[in-house]
Amino acid sequence: MRTTSPYSHCSHVEMNAGAFVTMLLVALSVCVAAAVDPDVIQPFPQPKPTTIAQKAAVKYKPLLYTSMVVCVPYAAVDAAGRVTDGLKGRHGNDGCTYARHGSQVYGRVEPYGNLSAIMYAWYFPKRFWLGFPIQRHDWKSVVVWIDNLESKVSAIVAVSMAKSDTKYNTETELDANDFARLQVDNQIVISNTSLRFEFFEFGLRSSYLRLTGYNGQYQNLIMWDQLTDAAREALNDDNNFGSAVVPLSDKQFKAHVKEAYPSKSVR
(Lines of atoms letter the chains of each structure in order from A and count residues from 1; the text may use other names and numbers.)
(Lines give C-alpha, C1' and ligand atoms only; values in the text may rest on other atoms or scores of the structure.)
Protein backbone atom coordinates (compact mmCIF):
# COMPACT_ATOMS: atom_id res chain seq x y z
CA MET A 1 0.00 0.00 0.00
CA ARG A 2 1.35 3.44 -0.99
CA THR A 3 1.77 5.91 1.84
CA THR A 4 1.91 9.66 1.54
CA SER A 5 4.17 11.79 3.66
CA PRO A 6 2.23 14.12 5.93
CA TYR A 7 4.59 16.86 4.80
CA SER A 8 4.24 16.43 1.05
CA HIS A 9 1.17 18.65 0.77
CA CYS A 10 2.73 21.30 2.99
CA SER A 11 5.86 21.35 0.84
CA HIS A 12 3.69 21.85 -2.22
CA VAL A 13 1.89 24.75 -0.53
CA GLU A 14 5.17 26.34 0.55
CA MET A 15 6.48 26.13 -2.99
CA ASN A 16 3.35 27.77 -4.36
CA ALA A 17 3.43 30.45 -1.67
CA GLY A 18 7.07 31.18 -2.46
CA ALA A 19 6.31 31.47 -6.14
CA PHE A 20 3.39 33.75 -5.38
CA VAL A 21 5.54 36.03 -3.21
CA THR A 22 8.18 36.18 -5.92
CA MET A 23 5.60 37.08 -8.54
CA LEU A 24 4.13 39.71 -6.23
CA LEU A 25 7.50 41.32 -5.61
CA VAL A 26 8.22 41.41 -9.32
CA ALA A 27 4.83 43.00 -10.00
CA LEU A 28 5.41 45.58 -7.29
CA SER A 29 8.86 46.41 -8.62
CA VAL A 30 7.36 46.96 -12.07
CA CYS A 31 4.69 49.25 -10.64
CA VAL A 32 7.24 51.25 -8.67
CA ALA A 33 9.52 51.53 -11.71
CA ALA A 34 6.63 52.93 -13.74
CA ALA A 35 6.48 56.05 -11.53
CA VAL A 36 9.60 58.19 -11.89
CA ASP A 37 10.98 61.56 -10.83
CA PRO A 38 9.19 64.52 -12.48
CA ASP A 39 12.42 65.64 -14.17
CA VAL A 40 12.77 62.27 -15.91
CA ILE A 41 9.48 62.45 -17.82
CA GLN A 42 9.92 63.74 -21.37
CA PRO A 43 6.94 65.78 -22.60
CA PHE A 44 5.42 65.06 -25.97
CA PRO A 45 6.43 67.48 -28.73
CA GLN A 46 3.51 69.41 -30.16
CA PRO A 47 2.46 67.56 -33.33
CA LYS A 48 1.20 69.24 -36.47
CA PRO A 49 -2.60 69.39 -36.21
CA THR A 50 -4.49 67.45 -38.86
CA THR A 51 -8.13 67.41 -37.74
CA ILE A 52 -10.58 70.27 -37.26
CA ALA A 53 -10.56 69.72 -33.50
CA GLN A 54 -6.76 69.65 -33.30
CA LYS A 55 -6.44 72.82 -35.37
CA ALA A 56 -8.98 74.60 -33.18
CA ALA A 57 -7.17 73.51 -30.01
CA VAL A 58 -3.91 74.98 -31.32
CA LYS A 59 -5.67 78.17 -32.41
CA TYR A 60 -7.16 78.74 -28.95
CA LYS A 61 -4.22 77.44 -26.89
CA PRO A 62 -3.88 79.66 -23.81
CA LEU A 63 -0.95 81.08 -21.90
CA LEU A 64 -0.36 79.99 -18.30
CA TYR A 65 1.29 82.17 -15.66
CA THR A 66 2.38 80.63 -12.35
CA SER A 67 2.88 82.71 -9.22
CA MET A 68 6.13 82.58 -7.26
CA VAL A 69 4.74 80.31 -4.54
CA VAL A 70 3.41 77.37 -6.59
CA CYS A 71 4.84 74.83 -9.04
CA VAL A 72 5.18 75.28 -12.77
CA PRO A 73 3.40 72.65 -14.89
CA TYR A 74 5.21 69.42 -15.72
CA ALA A 75 4.64 66.53 -18.09
CA ALA A 76 2.59 63.84 -16.34
CA VAL A 77 3.32 60.89 -18.62
CA ASP A 78 5.72 59.95 -21.40
CA ALA A 79 5.25 58.04 -24.63
CA ALA A 80 6.07 54.73 -22.94
CA GLY A 81 3.34 55.24 -20.35
CA ARG A 82 5.65 56.04 -17.44
CA VAL A 83 4.06 58.52 -15.03
CA THR A 84 5.61 61.05 -12.72
CA ASP A 85 5.79 60.22 -9.03
CA GLY A 86 5.21 63.87 -8.17
CA LEU A 87 6.90 65.56 -5.22
CA LYS A 88 6.23 65.34 -1.49
CA GLY A 89 3.91 68.02 -0.14
CA ARG A 90 6.50 69.98 1.82
CA HIS A 91 9.11 72.76 1.53
CA GLY A 92 6.99 75.15 -0.51
CA ASN A 93 7.67 74.93 -4.22
CA ASP A 94 11.21 73.61 -3.84
CA GLY A 95 12.07 71.32 -6.72
CA CYS A 96 9.21 72.40 -8.99
CA THR A 97 9.97 75.92 -10.18
CA TYR A 98 11.56 74.76 -13.41
CA ALA A 99 10.66 71.82 -15.65
CA ARG A 100 13.97 70.50 -16.98
CA HIS A 101 12.58 69.02 -20.18
CA GLY A 102 9.82 71.58 -20.66
CA SER A 103 6.19 71.71 -19.63
CA GLN A 104 3.11 70.18 -21.21
CA VAL A 105 -0.54 71.06 -21.66
CA TYR A 106 -3.06 68.34 -22.50
CA GLY A 107 -6.13 68.95 -24.66
CA ARG A 108 -9.40 67.27 -25.51
CA VAL A 109 -12.39 68.47 -27.55
CA GLU A 110 -16.07 67.62 -27.18
CA PRO A 111 -19.26 69.08 -28.71
CA TYR A 112 -21.74 69.84 -25.95
CA GLY A 113 -25.13 71.45 -26.36
CA ASN A 114 -24.80 73.92 -29.21
CA LEU A 115 -21.18 74.75 -28.32
CA SER A 116 -17.80 73.06 -28.56
CA ALA A 117 -15.71 72.50 -25.45
CA ILE A 118 -11.92 72.60 -25.64
CA MET A 119 -10.39 71.41 -22.39
CA TYR A 120 -6.80 72.33 -21.56
CA ALA A 121 -5.31 70.54 -18.55
CA TRP A 122 -2.04 71.01 -16.69
CA TYR A 123 -0.29 68.68 -14.24
CA PHE A 124 1.59 69.96 -11.17
CA PRO A 125 3.83 67.75 -8.97
CA LYS A 126 2.55 69.28 -5.69
CA ARG A 127 -0.92 70.23 -4.47
CA PHE A 128 -1.26 73.46 -2.47
CA TRP A 129 -3.77 74.47 0.18
CA LEU A 130 -3.76 77.68 2.27
CA GLY A 131 -0.46 78.60 0.67
CA PHE A 132 1.29 75.36 1.63
CA PRO A 133 2.02 72.16 -0.28
CA ILE A 134 0.00 69.32 1.23
CA GLN A 135 0.49 66.28 -1.02
CA ARG A 136 1.79 64.89 -4.28
CA HIS A 137 0.04 65.57 -7.59
CA ASP A 138 -2.43 68.18 -8.76
CA TRP A 139 -4.36 68.71 -11.98
CA LYS A 140 -5.99 71.94 -13.09
CA SER A 141 -8.06 72.59 -16.21
CA VAL A 142 -9.97 75.19 -18.15
CA VAL A 143 -12.72 74.69 -20.70
CA VAL A 144 -12.81 77.21 -23.55
CA TRP A 145 -16.26 77.34 -25.13
CA ILE A 146 -16.39 77.98 -28.90
CA ASP A 147 -19.52 78.89 -30.84
CA ASN A 148 -18.68 77.07 -34.09
CA LEU A 149 -15.58 74.92 -34.23
CA GLU A 150 -15.65 74.52 -38.02
CA SER A 151 -16.12 78.19 -38.89
CA LYS A 152 -13.18 80.38 -39.91
CA VAL A 153 -14.73 83.16 -37.84
CA SER A 154 -15.39 81.05 -34.74
CA ALA A 155 -15.12 82.85 -31.42
CA ILE A 156 -14.84 82.26 -27.70
CA VAL A 157 -18.18 82.76 -25.98
CA ALA A 158 -17.18 81.70 -22.45
CA VAL A 159 -14.42 80.12 -20.41
CA SER A 160 -14.72 77.87 -17.35
CA MET A 161 -11.79 77.68 -14.90
CA ALA A 162 -11.19 74.95 -12.35
CA LYS A 163 -11.70 76.04 -8.74
CA SER A 164 -11.41 72.46 -7.42
CA ASP A 165 -11.04 68.94 -8.79
CA THR A 166 -14.59 68.95 -10.16
CA LYS A 167 -16.02 72.50 -9.95
CA TYR A 168 -15.58 75.44 -12.30
CA ASN A 169 -16.01 79.20 -12.30
CA THR A 170 -17.40 80.40 -15.63
CA GLU A 171 -16.78 83.80 -17.20
CA THR A 172 -18.88 84.99 -20.14
CA GLU A 173 -17.75 88.62 -20.30
CA LEU A 174 -14.20 88.70 -21.61
CA ASP A 175 -12.23 91.85 -22.38
CA ALA A 176 -8.96 92.64 -24.15
CA ASN A 177 -6.92 92.33 -20.95
CA ASP A 178 -7.83 88.63 -20.73
CA PHE A 179 -6.04 87.86 -24.01
CA ALA A 180 -2.37 87.38 -24.86
CA ARG A 181 -0.12 90.15 -26.10
CA LEU A 182 1.86 88.96 -29.11
CA GLN A 183 4.78 90.69 -30.79
CA VAL A 184 4.30 90.90 -34.56
CA ASP A 185 6.73 92.93 -36.72
CA ASN A 186 7.95 94.96 -33.74
CA GLN A 187 4.40 95.71 -32.69
CA ILE A 188 2.37 94.36 -29.80
CA VAL A 189 -0.86 92.80 -31.05
CA ILE A 190 -3.72 91.71 -28.81
CA SER A 191 -4.83 88.18 -29.59
CA ASN A 192 -8.52 87.36 -29.83
CA THR A 193 -8.01 83.61 -29.50
CA SER A 194 -5.38 83.01 -26.80
CA LEU A 195 -6.54 83.65 -23.24
CA ARG A 196 -4.21 84.26 -20.28
CA PHE A 197 -4.61 82.19 -17.11
CA GLU A 198 -2.83 82.21 -13.77
CA PHE A 199 -2.27 79.25 -11.47
CA PHE A 200 -3.01 81.12 -8.27
CA GLU A 201 -2.72 80.45 -4.56
CA PHE A 202 -4.21 82.81 -2.01
CA GLY A 203 -6.55 82.77 0.96
CA LEU A 204 -8.49 80.01 2.67
CA ARG A 205 -8.83 77.71 -0.31
CA SER A 206 -7.02 75.38 -2.66
CA SER A 207 -4.97 76.72 -5.56
CA TYR A 208 -7.07 77.51 -8.63
CA LEU A 209 -7.01 79.00 -12.12
CA ARG A 210 -8.17 82.50 -12.99
CA LEU A 211 -7.89 85.00 -15.83
CA THR A 212 -4.90 87.30 -15.51
CA GLY A 213 -3.17 90.29 -17.05
CA TYR A 214 0.19 88.48 -17.08
CA ASN A 215 1.34 86.84 -20.29
CA GLY A 216 2.82 83.67 -18.83
CA GLN A 217 4.07 80.92 -21.12
CA TYR A 218 2.84 78.50 -23.76
CA GLN A 219 3.42 74.78 -23.30
CA ASN A 220 3.61 72.08 -25.96
CA LEU A 221 0.04 70.94 -26.59
CA ILE A 222 -0.71 67.25 -26.94
CA MET A 223 -4.27 66.23 -27.71
CA TRP A 224 -5.91 63.15 -26.22
CA ASP A 225 -6.11 61.44 -29.60
CA GLN A 226 -2.43 62.22 -30.30
CA LEU A 227 -1.17 60.43 -27.19
CA THR A 228 0.22 56.93 -27.40
CA ASP A 229 -2.00 54.09 -26.20
CA ALA A 230 0.35 53.58 -23.25
CA ALA A 231 0.08 57.24 -22.23
CA ARG A 232 -3.72 57.24 -22.43
CA GLU A 233 -3.86 54.04 -20.40
CA ALA A 234 -1.66 55.62 -17.73
CA LEU A 235 -3.81 58.77 -17.55
CA ASN A 236 -6.93 56.62 -17.30
CA ASP A 237 -5.52 54.74 -14.29
CA ASP A 238 -6.91 56.34 -11.12
CA ASN A 239 -4.05 54.87 -9.07
CA ASN A 240 -1.32 56.87 -10.80
CA PHE A 241 -1.99 60.31 -9.33
CA GLY A 242 -3.09 59.72 -5.76
CA SER A 243 -6.26 61.62 -4.92
CA ALA A 244 -5.78 64.08 -7.79
CA VAL A 245 -8.42 63.78 -10.52
CA VAL A 246 -7.27 63.67 -14.15
CA PRO A 247 -9.98 65.85 -15.75
CA LEU A 248 -9.55 64.68 -19.33
CA SER A 249 -9.47 60.93 -18.62
CA ASP A 250 -12.17 58.77 -20.16
CA LYS A 251 -13.81 58.40 -16.76
CA GLN A 252 -13.84 62.11 -15.89
CA PHE A 253 -13.95 64.11 -19.11
CA LYS A 254 -17.66 64.18 -19.95
CA ALA A 255 -18.65 64.92 -16.35
CA HIS A 256 -16.21 67.83 -16.22
CA VAL A 257 -17.50 69.26 -19.49
CA LYS A 258 -21.06 69.01 -18.20
CA GLU A 259 -20.09 70.76 -14.95
CA ALA A 260 -18.28 73.51 -16.87
CA TYR A 261 -21.13 74.18 -19.32
CA PRO A 262 -21.94 77.92 -19.19
CA SER A 263 -25.23 79.56 -18.28
CA LYS A 264 -28.20 79.93 -20.62
CA SER A 265 -27.10 83.44 -21.54
CA VAL A 266 -24.49 82.11 -23.97
CA ARG A 267 -26.16 78.89 -25.16
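Including glycine, each Cβ sits where the backbone N, Cα and C put it.
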Quick one: which of 92-98, 134-140, 148-154 does Swiss-Prot have down as motif 'Conserved heptapeptide motif'?
134-140
Of 18-28, 62-72, 117-127, the range Swiss-Prot labels motif 'Conserved undecapeptide motif':
117-127
Identify, in sequence order, the residues in the chain of Asn192 (N-linked glycosylation site) that are 6 or more apart from it along the sequence and have a CB within less than 8 Å of its CB; answer 'none' if there are none.
Ala155, Ile156, Phe179
Distal contacts, the motif 'Conserved undecapeptide motif' (117-127) - CB-CB under 8 A, six or more residues away:
38, 56-57, 60-62, 64, 70-76, 84, 86-89, 93, 95-96, 103-111, 133-146, 199, 206-207, 219, 221, 241, 244, 246-248, 253, 256-257, 260-261
Counting across all protein chains present, how many other Cβ atoms fall within 10 Å of the Cβ of Asn114 (N-linked glycosylation site)?
9
